[in-house]
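> Straight from TrEMBL, here's the annotation block:
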type	residues	note
ACT_SITE	Glu272	active site
DOMAIN	44-502	domain 'Aldehyde dehydrogenase'
Amino acid sequence: MTSTVDRPLSGDDRAAMVRHTLEREVPGGIGICSGQQVHPGRGDRFPLHDPTSHALVTEWPDPGREGADLALAAAVEGFARWTALGPAGRADALRTAAQLVEARAGDLARLETLTTGKPLRDTTAELRAVVTMLKFYGGWAERINGETLGGAGSWHAYSLLQPFGVIVAVTPWNAPLLTAAANGLPALAAGNAVVVKPSEFTPASTIRFAQILHEAGLPLGAFVAAPGLGATVGAALTTDRRVGKVVFIGSVSTGRAVASASAAAGIPSILELGGKSANVVFADAGLDDAAAGALSAVFSGTGQSCQAGSRLLVQDSIRDKLLDRIVAGARVLRVGDPLDPETELGPIVHRAQYERVRELVALGVAEGARQLADLPLPAGIATGPMRTGNWCTPVLLDGVAADHSLEHTEVFGPVLAIDTFSDENEALARANGTEFGLASAVWTRDVARAHRFASAIQAGTCYVNCYKVGHPSAPFGGFKSSGWGRASGRGVVEEFTQSKAVWVATQRTAPAFPSLDRQR
Ligand code: NAD
């Protein structure tokens with residue numbers, strides 16, 4: 001492993017730097033924000049740690065059920081104001097927001113990096129994606145139309161597509177701003193007000209985003225940041241009858257519990273959950289590209305990505321050649337200070353997740369997988385002040401068989417499970433052999449095989465000779481346990497509006513009861 005750490009700050013100095021950044025970027029503190037002021041809560045205090053050292057940055061109070069109520073009341077009013085702007089006004093506001101976010105992308109990426117530990121190069125790319133989404137959904141806001149319905153006889157019939165009112169999005173800690181934008185913006189474009197509850201581990205950037213959207217012209221309450229604990233703010237938001245739809249992005253177990261509670265309250269949901277995505281390399285693939293693609297598929301974001309290509313299935317005839325390239329590539333990845341633009345892997349976002357990653361690696365080895373390369377932490381981290389952080393170098397586990405735990409368990413960290421297959425049927429069966437179905441990839445020069453595979457794979461996304469490319473025009477979501485519903489692409493229309501049929505009589509219609517006609 002190479003390091004980008006030269007003279008790291010002590011843990012306390014680093015925590016002070018994160019604290020100062022929070023004070024500058026989110027001066028009102030952590031609390032409910034409907035676009036301007038922040039209303040801090042009064043509940044249990046939740047600690048934020050610096051991921052690079054685990055030093056305590058601050059503690060913030062949970063706004064609790066009272067905070068959820070405040071957020072929803074603001075969003076109900078925000079919906080009326082957002083509606084009053086009309087499609088053109090909403091489009092203008094979202095396009096202005098694209099300019100403001102683009103102008104402040106550097107500060108926002110830095111805030112995200114300091115609070116999540118994700119390398120600046122990752123958060124900078126995420127900010128570019130957020131700007132793309134703001135522009136894209138600014139366009140959609142003016143293009144949501146119903147249809148004129150044919151075959152209606154002596155009626156003129158048409159459909160209207162109307163917003164639900166308030167949409168609640170519950171987001172995870174791995175990409176707070178990206179997930180808030182990816183799920184909040186389509187709902188806004190469709191005319192809804194949105195309440196986003198970020199993870200308790202990473203609440204800051206969503207608050208800042210709410211303030212920038214307001215500055216861009218979104219009225220107060222159109223986009224509300226509602227940080228808080230899942231059991232209090234999250235549970236209250238996702239079961240309140242003022243909410244038209246819930247979008248949950250997170251783990252399978254929490255997602256199912258949230259969807260059940262929402263359904264019991266009569267609220268429909270979209271679930272975007274975890275994955276164990278298969279990256280399948282056939283013998284005819286370009287091996288250099290496949291190796292580089294496999295490494296970035298699993299290790300970008302330090303493996304904390306729902307669509308990480310965390311299972312590598314290699315055709316047996318090229319196993320050695322491909323794995324040699326992958327090991328050599330893993331050795332040169334730059335692990336270090338996430339603020340350094342050269343850094344490629346940072347620490348894990350929070351301590352509990354770091355411990356889970358280590359436990360799952362130990363389980364994989366205990367079940368018979370072999371760690372392919374010993375990749376120690378760079379000396380600058382292992383012996384410096386950052387040694388107490390949540391650091392985890394890339395782990396390549398070879399021989400993870402179909403019945404091993406790591407074939408089926410999402411690690412959500414920099415761990416690649418590797419195994420071989422002999423032919424296309426075996427590759428497909430193996431790729432489809434888990435409960436998940438979020439993403440997948442196939443590397444081959446055989447065009448027919450690529451399309452066969454893309455059609456047969458049970459996953460919401462299939463990449464061919466690439467990984468993790470994307471655009472908001474494409475649907476994104478899961479098959480099987482990876483979720484239901486799609487919050488992007490045409491999902492704007494299908495998921496965030498409800499259709500209404502309007503019937504207009506163009507001739508006098510005969511009454512249902514002939515006696516009424518006889519009376520006239
Ligand atoms: P998590 O399920 O622990 O938490 C997600 C969110 O749910 C957090 O904001 C949390 O506070 C909230 N929550 C917890 N209990 C709740 C409750 N009872 N009611 C309402 N909200 C509640 O997930 P995580 O650890 O934050 O994130 C990691 C998971 O997210 C991984 O499984 C990953 O694959 C998944 N993820 C999926 C996508 C996707 O688009 N499919 C994107 C990113 C992350």
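Glycine residues also receive a Cβ, built from the backbone N, Cα and C atoms like all the rest.
On a predicted model such as this, the values are computed, not experimentally measured, just so you know.
In the displayed structure, how are the listed features positioned relative to their neighbours?
DSSP assigns Glu272 (active site) to a strand segment in the three-state reduction. For Glu272 (active site), the same-chain residues that are 6 or more apart in sequence and have a Cβ closer than 8 Å to its Cβ are Asn183, Val247, Phe248, Ile249, Gly250, Gly255, Cys306, Phe476, Gly477, Gly478, Ser482, Gly483, Gly485, Ala487.
Across all of the domain 'Aldehyde dehydrogenase' (44-502), the predicted model scores a mean pLDDT of 97.
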